[in-house]
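Trainee: Dumping what TrEMBL says about this protein:
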type: TRANSMEM; residues: B:7-29; note: transmembrane segment
type: DOMAIN; residues: B:62-242; note: domain 'Cytochrome c'
type: BINDING; residues: B:Cys75, B:Cys78, B:His79, B:Met207; note: heme c binding site
type: TRANSMEM; residues: B:252-271; note: transmembrane segment
Amino acid sequence: MSFPWAEQYTPKHPVMQWVDEKLPLPRLVYNAVGAGYPVPRNLNYFWNFGVLAGLALVIQIVTGVIMAMHYGANDLVAFGTVEQTMRDVNAGWLMRYAHANGASFFFIVVYLHIFRGLYFGSYKAPREMVWLLGLVIFLLMMATAFMGYVLPWGQMSYWGAKVITGLFGAIPVVGEPIQTWLLGGFAPGNASLNRFFSLHFLLPFVIAGVIILHIWALHIPGSSNPTGVEVKGPQDTVPFHPYYTAKDGFGAGVFLIAFSILLFFAPNFLGHPDNYIEANPLSTPAHIVPEWYFWPFYAILRAFTVDFFFIPAKLLGVLAMFASILLLFFLPWLDTSPVRSGRYRPTFRKFWWILLGDVAVLGYCGGAPAAEPFVMISQIAAAYYFAHFLIILPLIARFEKPLPLPGSITEAVLATYGKTDGETAAVPAE
Amino acid sequence: MVRYGAIAVGLFFSGWLFISFLVGGYSYVTEPPAATVEHEFHLAPKHVAFSFDGPFGKYDKAQLQRGFQVFKEVCSACHSLKFVAFRDLEALGYNEAEVKAIAKQWAIKTPSVDPATGEASTRDPVPADHFPKPFANNVAAAAANNNAIPPDLSLMTKARHHGSAYVYSLLTGFQDQPAELLKHFPDAKTPEGLHYNPYFANLNLAMAPPLSAEGQVTYGDGTKASVDQMAQDVSAFLTWTAEPKLENRHRAGLATIIFLLIATGLAYMSYQNIWADKKKAAV
């Protein structure tokens, strides 16, 4: 679907006309990310992160496929083949550091993308399906990243795999058989490594598939925008190309500069030194921590320290950790306020900032050792996390008095330029 | 309905977390966690400057050669360097013939098979070989070292926080236990056969001070071989073994950043140019 005023694909060259008749793939691309897709004219830089996430996935797939050519998925040699890639493969160090830091940057842009959606109410009708598919992508990313981290077969790889699969062991009765089934043994070993490699190679392409659905679902209602007011006419939109391709080009440049700074000058800053020690089932690291992008969830997992009658604390932690992500699937029906954008929701906006700080605190505690005071801090922070989504958001929607909305996107844009660019307004149009 | 269910779930999780907080807080106040000897006496690595620090850092080849000499004459008796090959030493400034000679004269021989009988034997290493391990296996290594296995050093400086400074601090950090430690933690007296070192995570390690006297090695370039100098040199060498491509990385990074700054500047200008007509108030 598209707006009636969307530009039409009209191939001029006879070859392109011929292709369009047989297989209208260029037409599909034109309508999806070309001039044929009208987009609100007032998107701010936070709308860059979807495209940047796509770019991050491409970087991961390209570097990952090359690394797979030099990797041996066998517990006896895996660590050594990764080192060989770093030392003896042409630009192997670049591929590996780009892949490891690329995962971090993928999560950075996706977290910004998610928090953008939370602030501007992008999950609300009619874009619920876009949100739900985005969460599916997020879950697939987490699974892929976890299995990828196991592949170098360092100490954190091994013990991370043991802890995370051990979460399933907390499920009563069937837990331990499930853990054994997932690992292909009683502890992480060659069988685990092989299946993780196989799935780690497969899932990025599943992610790419779900991204296509995500964009497809987005194109039904069209992109949201910072005012949250729907598009009313042609004056509210610009064609995706060249307007947003140009803006995304600039955004991609800034992204690549930030990525390069870390990749070339501090490639191990986000990693854990223990993963440069070969996996050793007989020696447990002092602190087992996942990669930074899992820290908020790891903090929630460890925040449950008291049994709830017959439910052991460990099982509660596992349930809460899964619930902390699954509850996001219900968000479109929890926040019932008809106003989308946080700009016009004064109370909601304050709580959004508290949530942002809360997740940062959870992240910090998740990376810290499981000792006081971090456990107590993460208990309070985790309590707020659940309260925010499950209690506070439904209540705000009910009691908040939103600010008046602009009449249209164009009206909001003109108000901004009228203020900051008053002199230009006096110049007559050519 | 969804919202009532959500509020119930939210009250359960948040409420139980709050109760857990109260329980944890109560025991924190009534039985505050006891101070541990590691927490009180473990030290962060010393500050030490290396030529490879910073975005423009490069290895000092003379220092790497000195560090290699320390490794060869001291560390290699117990520690392996299994991810490094003799041929890699050309990066330290040795030519092909020198590398060949270093490999041939290496004290530890490469395991091999006798070509006549097929029995296990050894041969002189060649440049293509990785550094041979000093012990045949972990059991032999532990038996010869007071039950502790000397770790492989190839990646040591990346396998510890602030690894280069850590190796330097550890090598220069051996000392007698402070009287204060023994006064407050009498049980933490260094056991027989271990050595006190505040830079080591649990304060006592099996390795005896490997660099103990000035002039333990005699540097060919005339540098005075103080313990501090030898420790710095071998830390630099082990940084190279862990990150041999550091200079390539810094060079490529600089070129990439300059390219990206120009490209991003151009992208910004074309963005502004394309949007110029949309950013005027009078449309």
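Every residue number used here counts from 1 along the chain in the order it is shown.
Each Cβ is built from the backbone N, Cα and C atoms, and glycine gets one as well.
If you look at the structure here, what lies around each of the features I listed?
Mentor: Note on B:Cys75 (heme c binding site): other Cβ atoms within 10 Å of its Cβ, all shown chains, come to 23. DSSP classifies B:Cys75 (heme c binding site) as helix under the three-state reduction.
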Trainee: Between any two of B:Cys75, B:Cys78, B:His79, B:Met207, the residues recorded as binding heme c, what is the biggest Cα to Cα distance in Å?
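Mentor: Those residues reach a largest Cα separation of 11 Å.
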Trainee: What does DSSP assign B:Met207 (heme c binding site), in three states?
Mentor: coil
Trainee: What same-chain residues lie close to the transmembrane segment (B:7-29): Cβ under 8 Å, and 6 or more beyond its ends?
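Mentor: Sequence-distant neighbours of the transmembrane segment (B:7-29): none found.
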Trainee: Sequence gap of 6 or more, C-beta under 8 Å: which same-chain residues meet both conditions with respect to B:His79 (heme c binding site)?
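Mentor: Residues satisfying the criterion: B:Pro134, B:Pro150, B:Pro151, B:Asp152, B:Leu153.
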Trainee: Do you know the mean pLDDT across the domain 'Cytochrome c' (B:62-242)?
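Mentor: Averaged over the domain 'Cytochrome c' (B:62-242), per-residue pLDDT gives 94.
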Trainee: Determine which residues of this chain, when B:Cys75, B:Cys78, B:His79, B:Met207 are set aside, have a Cβ within 8 Å of the centroid of the heme c site's Cβ atoms, and list them as they appear in the sequence.
Mentor: B:Val74, B:Ser76, B:Ala77, B:Pro150, B:Leu153, B:Pro210
Trainee: Far apart in sequence but close in space: which same-chain residues, 6 or more away, have a Cβ under 8 Å from B:Cys78 (heme c binding site)?
Mentor: B:Pro134, B:Phe135, B:Ala141, B:Ala144, B:Asn145, B:Pro150, B:Met207
